[in-house]
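K.L.:
Handing you a structure now.
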Amino acid sequence: MRTLPLVVSITAALAMASLPVWATTAGTNSQSRTELTGAIQHDFQELRIRWAENYLGDPDIPFDDRLNQMVVSTNNNAYSQWQAMNTNVDRESLWDDLWLNESTEEGRAVLGQNIRASYQRIFTMAKAYRLRDGQYQNDPDLLAAIVDGMDFLNTHYYKVGAKEWGNWWNWELGTPRDVHNILSLIYDDVPQSLVTNHLDATDYFTPEATHLGAGPGAAWSTNPNYRESTGGNRTDNTHVVLLRGVLGNNAAEIEEAIAALPPVLEYVTTSDGFYHDGSFLQHYDIAYNGTYGNVLLNGLGLQLNLVAGSPWEATDPALQEIYPIIYKSFEPLLYKGTMLEFVNGRAISRPQEQGHDVGHQVMRSILHYIDGATPEDKSRLESMLKTLINEDTFQDFFSSTSNVVNYQKSVALVNDDTIPDRGELIGHYSYPSMERAIHRRDGWLFSVAMHSSRLGNYECMNEENRKGWYTGDGMTYLYNTQLGHYTDFWPVVDSYKLEGTTVDDQQMQECEGQRNEIKGGRKADMDWVGTLKLGDYGVAGMDFYNWDETLTAKKSWFMLDDGVVMLGSDIQSSIGAGLSTVIANRKVSDEGLTNIYVNGELWENSQGSLENVLSLSIRNAELAGSDLSYVFLSPTDIELKREQRLGDWSDIGTRDGEASATFISAEQKHESEQNSYAYVLLPNANSQSLEQFSENPQLDILHNDHQAHAIFDHSLELLAANVWSEQEVVISPLLTTYSPMAIMLQGGEDDELQVAVTDPLQTQTFVRFKLGHGAQIKSDPQGRVQQQSGTEFVVDVSGLQGMSYQFTVK
């Protein structure tokens, strides 16, 4: 088996400068070429072979039954495309269902995507031509059809001088990658002119490794601006130039691409990229760890592995930062094989990129980094991946074999008895730069998605995510043993009633209400939004107003050991709209019978208005670990509903496909005298534990008003508060605050008090509070705390960007 170390750094691409090479620079693929020595020629050939093995597999490892079936499936698909290919002399398109025409507005609108789809079909044919033991391996007639199709597309459409009609991405990133993939498979069997002409085309559309919109054709695209590429677009950008260098024997382009990679791992403080807290943003202000983040993760890993051991091996130490990034930006967001929905952006409207699909893609990307890791990182990554693969009993990780080498590696990893399971990941994870919080406990994960003056509420783009209106308005998620809860969820759920949100009854148009950098503009004054972490516990909150600023509410989430306390107050509409908070909107499991209990009694109706509710439980006796209960901290009137819902993916995105599910929903209406709420979510609570909590919750609500939201958990000796006011607020006899802030205090051994604070505004230099008794600073890791008297403390929060600061007093 071929194994090459992944050494993540940059070296001089021309380490063998004494040898004659092609004296070319990016953008001059077909000019200034000279003869190569055998040694350099071998290096380029080795990289071409290595890239092709992504799709053909390690030649030293026999195919198992899945891979043999993949070969059969690929051959069948390739044959179908081959037989359907239009070979007429006067053809305008290769396939009738992929219309190619730039003479009409309708044709131009789909030209880029149909050109790419045509190359993707040829890629399937190219794989069939090369896959071992396949029916069409080395078939000359299939190869002739591949060459004919590529030559047609390159002569008429994807060529030097063409205009980028429609979405720029297809022309500058998507299609070049497909073209290069095809060429890597058939390079030695086709006329050199076919290779050269296609490389000239990709060079025309994407001449630089660091910038997009750089070709003349970009002037007609959806984004004609010459701009530096960032995040996932940067790794796609370098991918195009790197592979063009490999296929064109162009050392300068390989060097240029590898040199452009390290900036993607530099932490940012605004706009696209990774943040110190683990957030990842794309399109300026949209949380995107799961999709664009994975594009970056996968693209970087593929490219570093490609050049490992070659004269262009990357050796920049900055690239080692990928390992901490995996642990901060990806691992906590993966739950039993699924990627949390709230970092997948508009991809939630794609049936082919649902949570488990994206999760598996991320896991496959992480595989790229095992071979080059230190022993400690290697062990950690292997245990992580083995656990995630085995825990996903809903969707088979091995069902995808698109990257054959990765598939072979993952099979070996799972079957390696020396690799231990990681076990359940327990902890609280705070992401203030993307206004997200994740709370992980044994058997469940809770998370909340918010937005602010710094972060967009949602993104609708290219007709995708057309009903994502409230996904960033405090929507909460609960993941448990019902692993398929968010599969086929988005086309069916009532998009007006997302769990955790406080909403009005306005009707929305598709894609309406966007408040982000690209569309609608971020909100100017919605600053108080933040998250706080103290040990394994956390707080999130927002001083919220909706997209058109007619609905206001203060909302908080306090995440503890066995559940989550949810408080809301000051809920008002300036236009007299009907208001409600969505307590629950759960998709019912297909396994077994799901029952609803209200105040401990079975509720068998389909809809009803219920008064003085103290508890609501959803239970499934056949799916252990899926039960959950909502406990109201005072008698509450709710609207309860169980309904079968139907939908289609075309309702929210560009793909179609019917979906259906049964939902159980509950909401609390807000009248003028009922403009607050207070309830606790108890995941995995059986009837006995629910009864125990109801009788003795060990929980005090200290504030639920315009000054603050605050609780005290007696069992944890934990006080937590979101303080809205800049005036003095007496939270309890133990705590008085003088700044807008989030703060947590927890008692410990030897009279120690653990303290965590954050500035949710991300504009303050200091926050100030006073304790109810004298104390001295015992631990102050960054020297940020000043004690102004025996009881008053001032904490420097400058430069933290909303991250928590923890210290100890005694």
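We number each residue from 1, going along the chain as drawn.
Each Cβ is built from the backbone N, Cα and C atoms, and glycine gets one as well.
Dumping what TrEMBL says about this protein:
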- His283: active site (ACT_SITE)
- Tyr292: active site (ACT_SITE)
- Arg346: active site (ACT_SITE)
- 51-387: domain 'Polysaccharide lyase 8 N-terminal alpha-helical' (DOMAIN)
- 429-685: domain 'Polysaccharide lyase family 8 central' (DOMAIN)
- 701-765: domain 'Polysaccharide lyase family 8 C-terminal' (DOMAIN)
- 1-23: signal peptide (SIGNAL)
K.L.:
If you count, for each of the active-site residues His283, Arg346, the other Cβ atoms lying within 10 Å of its Cβ, which residue has the minimum?
P.N.:
His283
K.L.:
What is the pLDDT of the domain 'Polysaccharide lyase family 8 C-terminal' (701-765) when averaged and given as a whole number?
P.N.:
98
K.L.:
Express the distance between the Cα positions of His283 (active site) and Tyr292 (active site) as a whole number of Å.
P.N.:
10
K.L.:
Reported as an integer number of Å, what is the Cα distance between Arg346 (active site) and Tyr292 (active site)?
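P.N.:
With the alpha carbons as reference points, the distance is 11 Å.
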K.L.:
According to DSSP, how is the domain 'Polysaccharide lyase family 8 C-terminal' (701-765) divided among helix, strand and coil residues?
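P.N.:
Reading the DSSP string over the domain 'Polysaccharide lyase family 8 C-terminal' (701-765) gives 3 helix, 36 strand, 26 coil.
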K.L.:
Report, as a single number, how many Cβ atoms besides its own are within 10 Å of the Cβ of Tyr292 (active site).
P.N.:
26
